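Here TrEMBL flags 25-47, 210-229, 236-259, 291-311, 341-361, 389-419, 541-565, 571-604 as transmembrane segment.
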């Protein structure tokens, strides 16, 4: 169950798709128990009446509308029979508490919502007498509305706007929603008056067909781009790489030029300003120091970037080949393009369920009187208040579980494609086969991986919440520490996401547990660290620019189409909505493409590690990757031949050293045979009796 408890051997032989077994079964059981707990919360809210109060509504005395109620101890006017009163009516529907996200108004159960504006208390009396729907508090007689003293606090605020009941939730909602503009003003801070807000909303309503068409265009462009990248990957990668390098060099040059310009001309200006104002000199000096810091930082960044490009230039070809093969994967497995829709639909259903249960919890519990308003509310007390925290953890864990299921499904399909030598003999539905393998064998692995992400994400969300609550109240040190912790947790979450994704791919290949798969994948990634850095740096940058391309293309088309509207302010908000949606769609589709590339790289690294192309160890890889391997081998053989020649020349030079004889005489030692190693005495000149001088140089040679 734990990472350290694995009894499998450290050195693992990868056996792709050979056998299958259930992995991380205890974690699957734990996740199942947790989901049962989530369902129990929903059942608890239904049994205790929270769901009924949310759907049918309840008044400020604890009575549920549309049914007979029981008396609540200590609550006045509770236990009424509201069988004929099915709608909730708020006396002041525009009294909204934005912080608590609720209406701070007395609520009553009525039999009919007012469909016309009621301007006076006489109108309230007439409406109650004709329709039998009393809009003031229950203890007030309808025929005495105009003369009662309590009418200002227990009757609706005049004028009463016309309203209609919501289709499912029986609340009387004003037809004119202008009073709810405060919600929009809290979000859209640049709106200064209601007229601009109304014009923006009107622009969205008038352009809804164009918005839908542009969203479909973004969807179509995202699907096309994944196929086009296959054919233009080489040109695209090299162009973008060159642009990054040139941009870095240009930015560094500009910063140094600004700093030199300041040094040449800023001092003269500073000396003049010194006589006028001393403070301005300090500002100018700080500007010069800032320019120097920026220039030095840019220089260091550029040098590091150039060194990385120098070391990784040969590995860019692998990124291009992987992009090319990823395009082929989408051609052979077109249903991969449906994965974002399936995942989004699953997340949407879960989020709707989660929000409904959260609302159920908001109306579940014991009746408590609100000290500020004097109204009756239902709140969870005691240990039951921790159900909300349990429900919040479920939001993160189950959402991550759904995303992890997508990653495992895509990884399983890509692994099946890669390790099938004959692509014509692929399963009829590789994606469906991958889903079935996931459900049958690997749900525990997905549950464990998603739980690890949850352990990191929840503290980060808590710190973000604390940071937002303390905004403007904490000191600089606390703010810096909070931001540092949030940033570190974010980086850790991204690293774990990447490792989890490769662990799921390793599980899809070898059917091993999460920790074993994570360890094996980590070893492979470390062995190919430079390749991983190249693919992540260049590949992610290319995909990011692809997202920007889709957004800009959709925005340009939106400008052309929305330009026929009468006013700029009317189509500004529709254009923003279209850009946000197009970026979301592009991110979803290109994220699938990114997962495919990462899984292909892991399969390629395993393939090249355990296979060499000889009989019995044939490669599984695609032709494009095979060409990359062959070119790499040719390059390595050329480098080896060059190294061997250098070694031969160096060894020959060590064995046969050419001697430069100074004019003199060389004497052979007696009893030495030709071909033996001889000691020669090289003398500057002849000596009597052929005796060597003291300063003669002793030299060894193989030949006399």
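Cβ coordinates come from backbone N, Cα and C, glycine included.
Because TrEMBL annotations are produced automatically, they should be read as predictions rather than curated entries.
Under 8 Å from some Cβ of the transmembrane segment (341-361) lie the Cβ atoms of residues 38, 41-42, 45-46, 50-51, 54, 380, 387-388, 391, 394-395, 398-399, 402-403, 405-406, 588, all in the same chain and six or more residues away from its ends.
Below 8 angstroms of C-beta separation, residues 16-17, 31, 34-35, 37-38, 41, 329, 332-333, 336, 339, 342-343, 346-347, 350-351, 354, 357-358, 361, 426-427, 430-431, 433-435, 437-438, 442, 445-447, 449-451, 453-454, 457-458, 461, 500-501, 504-505, 507-509, 592, 595-596, 599-600, 603-604, 607, 620-622 of the same chain, each at least six residues beyond the ends of the transmembrane segment (389-419), sit close to that stretch. In summary, the transmembrane segment (571-604) lies against the transmembrane segment (210-229): three or more C-beta pairs, each 6 or more positions apart in sequence, are under 8 Å.
For the transmembrane segment (210-229), the neighbouring stretch richest in Cβ pairs under 8 Å, chosen from 25-47, 291-311, 541-565, is 541-565.
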